[in-house]
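**Q** There's a structure below that I have some questions on.
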């Protein structure tokens with residue numbers, strides 16, 4: 001570790017190139033560049049350059065309506081595949097739609113309405129080939145929970161229904177605005193760990209809520225937390241209906257068995273996909289033949305025939321309900337976006353094509369705006385339905401059109417057949433779907449890879465299960481943001497050492513064979529320097545210096561004289577960061593140490609130059625690489641008097 005272990009070149013120092021300062025750039029040009037990088041990283045306007053007006057119009061039409069892009073090359077083979085996929089997902093969409101509408105405390109027919117109009121809109125505007133549009137359990141539960149706190153669906157069903165339409169309209173406007181304003185990165189604040197925990201918690205809550213249907217209870221708690229639900233269940237043991245329970249667990253066993261079979265033999269995916277509709281048909285026949293509705297088995301009842309009635313005039317924009325509708329719409333809209341985009345990207349990755357997140361937001365927003373005006377509530381791209389669509393071999397979004405047309409036929413002709421559908425079957429369908437969201441393997445993976453992510457996941461889950469869906473979401477987002485702040489406010493700093501027989505310097509804790517450079521402390525800052533972390537970095541650098549001096553003093557080695565800051569990972573710096581560097585330099589000067597910088601980026605150099613910091617530290621003490629900085633320090637150590645004082649710098653300049 002002594003001088004013999006390190007090569008000290010004496011001839012290359014004076015020829016080392018200086019770190020360049022970027023040429024000055026106008027504020028307008030700099031602002032334009034930053035805005036482009038923030039909002040247009042994919043440069044969507046590139047295709048419009050050097051095009052005629054008519055061509056730009058066509059390209060714009062294809063951008064907002066991708067169907068005009070792929071429709072001209074559509075083939076009969078594609079239609080065959082999409083037709084099979086569309087019929088398959090319709091068999092799942094019909095029972096799921098009815099089930100989720102009941103979960104949202106809305107009329108069951110709205111589940112069918114929401115599987116008709118929105119898929120048609122998405123087929124024209126969506127960029128995913130595999131996403132199957134429809135209602136989802138988590139958004140349905142959120143709608144019931146948040147609106148139910150203000151309006152009782154049983155006491156005032158009309159107002160509750162109108163608020164659901166209004167919340168859907170707000171969600172659509174919010175989603176489309178995010179896409180148009182290129183603000184899709186906001187959704188990224190819901191981390192992967194957050195979504196896993198939140199979805200699992202919501203799935204648990206949904207499953208618990210279905211105990212009402214499974215046990216045939218007429219009265220049930222409006223709260224969603226575990227304690228309230230369990231109290232409601234076990235204080236009504238005298239009202240449990242064994243007939244309903246037998247039916248419920250029987251159909252649940254059937255649904256889980258078919259799912260297990262389809263997972264073991266993927267080519268028989270249609271067995272699991274057809275199971276919910278088969279359960280509805282068998283359950284309806286069983287109730288009809290045995291008159292089970294007279295023995296405590298609750299049924300759906302009459303479903304109105306006909307297509308979606310217009311509901312634009314039903315939207316509520318007056319106090320005090322508007323605030324509730326806005327809050328519900330924004331929260332459910334964010335959750336729907338996060339789920340839909342994540343599902344779409346997953347299947348796009350499997351088929352090796354790209355989907356535009358901002359374009360998807362516009363599509364989701366438009367279909368929810370149109371849906372709110374045609375008696376639909378919130379829709380997105382649920383994983384279960386999209387997975388069936390993918391496994392069924394869909395080629396394009398035409399599968400959504402086929403599904404919508406199938407639902408249309410159901411609305412016009414087949415709704416009376418659902419009169420005897422037992423609610424317990426719908427509960428079994430929901431429970432079966434929700435069990436798929438309890439991704440314990442993903443939680444185990446989080447624990448293995450990142451304990452903090454696991455804590456985020458479990459916190460989100462516990463918040464949803466033991467408090468409420470809204471509180472769980474707030475806890476999950478708060479912890480995720482806290483972690484983000486910790487990354488920014490407490491960046492990593494570490495000591496670098498020389499890898500033997502090279503000019504490479506790496507983290508001494510990662511590379512145990514590295515050697516230190518006598519008299520030189522090399523530190524790396526692994527993050528941009530902002531107001532949020534400048535104070536911490538000042539104290540941390542001082543502590544590194546103290547520790548190094550104590551270490552050298554106790555070992556009797558060469559005293560510390562140079563501190564090199566490797567700035568390669570510092571992508572940017574603000575005025576607080578520059579002030580921090582100035583303070584660090586003053587402290588180093590008082591302690592008889594010389595501050596040296598290595599590998600600063602263009603943005604950092606530009607700001608250091610404007611703030612006159614380069615003049616204060618001296619251009620000669622800013623180097624291209626850590627290796628060159630070490631050479632310069634070593635040169636000074638072996639050619640000048642001890643202590644990197646001002647005369648050392650002058651001597652270095654004369655070389």
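Cβ from N, Cα, C; glycine included.
Per TrEMBL, the features are:
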| type | residues | note |
| --- | --- | --- |
| TRANSMEM | 131-153 | transmembrane segment |
| TRANSMEM | 159-181 | transmembrane segment |
| TRANSMEM | 193-211 | transmembrane segment |
| TRANSMEM | 240-261 | transmembrane segment |
| TRANSMEM | 268-289 | transmembrane segment |
| TRANSMEM | 330-350 | transmembrane segment |
| TRANSMEM | 396-414 | transmembrane segment |
| TRANSMEM | 421-438 | transmembrane segment |
| TRANSMEM | 458-486 | transmembrane segment |
| DOMAIN | 510-633 | domain 'STAS' |
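I would like each feature placed in context: is it buried or exposed, what are its neighbours, and how far apart are things?
**A** Residues 89, 93, 96-97, 100-101, 103-106, 111, 114-115, 118-119, 122, 159-160, 163-164, 167, 198-199, 202-203, 205-206, 209, 222, 224, 320-321, 324, 327-328, 331-332, 335-336, 339-340, 343-344, 347, 367, 377-382, 385-386, 388-389, 397, 399-400, 403, 430, 433-434, 468-470 of the same chain, all 6+ positions outside the transmembrane segment (131-153), place their C-beta atoms under 8 angstroms from a C-beta of that stretch.
For the transmembrane segment (240-261), the list of distant contacts is 213-217, 268, 271-272, 275-276, 279, 282-283, 286, 292, 295-298, 422, 424-425, 427-429, 431-432, 435-436: same-chain residues at least six beyond its ends, Cβ to Cβ under 8 Å.
Residues 88-89, 91-92, 94-96, 98, 247, 251, 254-255, 258-259, 261-262, 297, 299, 388, 391-392, 417-422, 424-426, 428-429, 432 of the same chain sit 6 or more residues outside the transmembrane segment (268-289) yet have a Cβ under 8 Å from a Cβ within it.
Cβ atoms under 8 Å from those of the transmembrane segment (330-350) belong to residues 126-131, 136, 138-139, 142-143, 146, 167, 170-172, 174-175, 178, 184, 186-187, 190, 195, 198-199, 357, 360-361, 364, 368, 378-383, 386, 390, 470, 473 of the same chain, restricted to positions at least 6 beyond its ends.
Beyond its flanks by at least six residues, the transmembrane segment (458-486) meets 138, 141-142, 145-146, 189-191, 193-194, 196-198, 200-202, 204-205, 223-227, 331, 335, 443, 452, 532 of its own chain at Cβ-Cβ distances under 8 Å.
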**Q** Of the residues in the domain 'STAS' (510-633), how many are helix, strand and coil by DSSP?
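**A** DSSP classes over the domain 'STAS' (510-633) add up to 66 helix, 22 strand, 36 coil.
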**Q** Please give the sequence-distant neighbours of the transmembrane segment (396-414): residues at least 6 beyond its ends with Cβ less than 8 Å from one of its Cβ atoms.
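**A** Residues packing against the transmembrane segment (396-414) from afar: 67, 70, 74, 78-79, 82-83, 85-87, 89-90, 93-94, 97, 112-113, 115-117, 119-120, 122-123, 126, 128-129, 131-133, 305-308, 389.
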